[in-house]
Amino acid sequence: MANLSSLQAALINSQAHRAEILENPLRTYLVGIIISICGNVLISISLNIQKYAHVRQSQRGSKPYYTSVLWWSGVVLMGIGELGNFAAYGFAPASLIAPLGCVSVIASAVISVVFLKETVRASDIVGGTLAITGTYLLVTFAPHTSTHITAHLVQYNAISWHFLLYLVIEVVIFCILLYLYKRRNVKHIVIVMLLVALLASLTVISVKAVSGMITESIKGQLQLIYPIFYVMLVVMIASCAFQIKFLNQAMKMFDATEVVPINFVFFTASAIVAGIVFYQEFEGLALLNIFMFLFGCLLSFLGVFLIARNRPKIKQQDRNFIPMDKIPGRSHTDKVQPEAKTLTYGSLAAKLMCNRAGQTDDS
């Protein structure tokens, strides 16, 4: 009798846990989508405001950009947009919120054309059409489950065998990539972006956990008293910090037209895998829905690539620039090496200083 009672209790707990996972209020799902879209639009507006502030300050050449009220308003808008994205993870699946980041790319392209008077290219139109089509497929065929993220659910998923196996594989791959990047000095863009993506998967898991537990606490079920909330908070902060560090290094080494689309693809893929493994977001989803969802991701990837590809850059004349044939004392008949046809005042001064130092040593 005791064994039968314990078996019944375990079955009831399992059914309750499953009901908690599969509960699907459509209104909550739609709220998450709307918050994410609005947040991404605000982020694109803020980026263009900051870009305009940089251009205006460089033209005036007076005060630094961070003294501009316009630039700070862009920073505030970006903070609000990122806060909206953070909140959206508490209402909708992570595998849907991450691909909706393409909305920011679309909105940024439209705003730059309308307000910053950038040229409309054919690739912008095709890319925007593909991204919008992909977004529609994502919203339509994504898993419509809206999980109540509680501390018990996060603890249950964190010690599950499939997540522990996923975590071990991710740590091994991360260590190999970090060894290649730091020790072997392999500075390939794929290496750096994979490091960012692996960290992003932990970021997505922790952000959804923290956001979901805060949402449940606001609804009246206090979750902030559990240690798992603060564990996830630390993971979120640490993974975000290192993710930003590697992303900034990538932006320094490579062009933004390469970093933006690759980062979007890798981040979205890692977020989808993280949502599937940790939150079982594709559980019970029809095969057709999975195929159309992945097809929507592919269209969004192609759209973002076309929009970001070969974006026109704002080029400023280097005040220190001097043509090679204008250097005092140089004859026009002197042969100029093809790889060094121009020189700046800075490099010219450095060369003269080296020559002077050599003359001093000889004397």
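Placement of Cβ uses the backbone N, Cα and C atoms for every residue, glycine included.
Unlike curated records, TrEMBL annotations are generated automatically.
The structure displayed is predicted, hence computed values, not measured ones.
Record features (TrEMBL):
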| type | residues | note |
| --- | --- | --- |
| TRANSMEM | 28-49 | transmembrane segment |
| TRANSMEM | 69-91 | transmembrane segment |
| TRANSMEM | 97-116 | transmembrane segment |
| TRANSMEM | 125-143 | transmembrane segment |
| TRANSMEM | 163-181 | transmembrane segment |
| TRANSMEM | 188-207 | transmembrane segment |
| TRANSMEM | 227-247 | transmembrane segment |
| TRANSMEM | 259-279 | transmembrane segment |
| TRANSMEM | 285-308 | transmembrane segment |
Would the transmembrane segment (125-143) count as touching the transmembrane segment (97-116), if touching means at least three Cβ pairs under 8 Å and pairs must be 6 or more apart in sequence?
yes
Which range out of 69-91, 97-116, 227-247, 259-279, 285-308 gives the transmembrane segment (188-207) the most CB pairs under 8 Å?
259-279
Could you tell me whether the transmembrane segment (69-91) and the transmembrane segment (259-279) are in contact, taking contact to mean 3+ Cβ pairs under 8 Å with a sequence separation of 6 or more?
no
Does the transmembrane segment (285-308) reach the transmembrane segment (97-116) with at least 3 CB pairs under 8 A, where each pair is 6 or more residues apart?
yes
In the same chain, which residue numbers or ranges, 6 or more beyond the ends of the transmembrane segment (227-247), come under 8 angstroms Cβ to Cβ?
151, 154-155, 158, 192, 195-196, 199-200, 202-203, 205-207, 209-210, 213, 259, 263
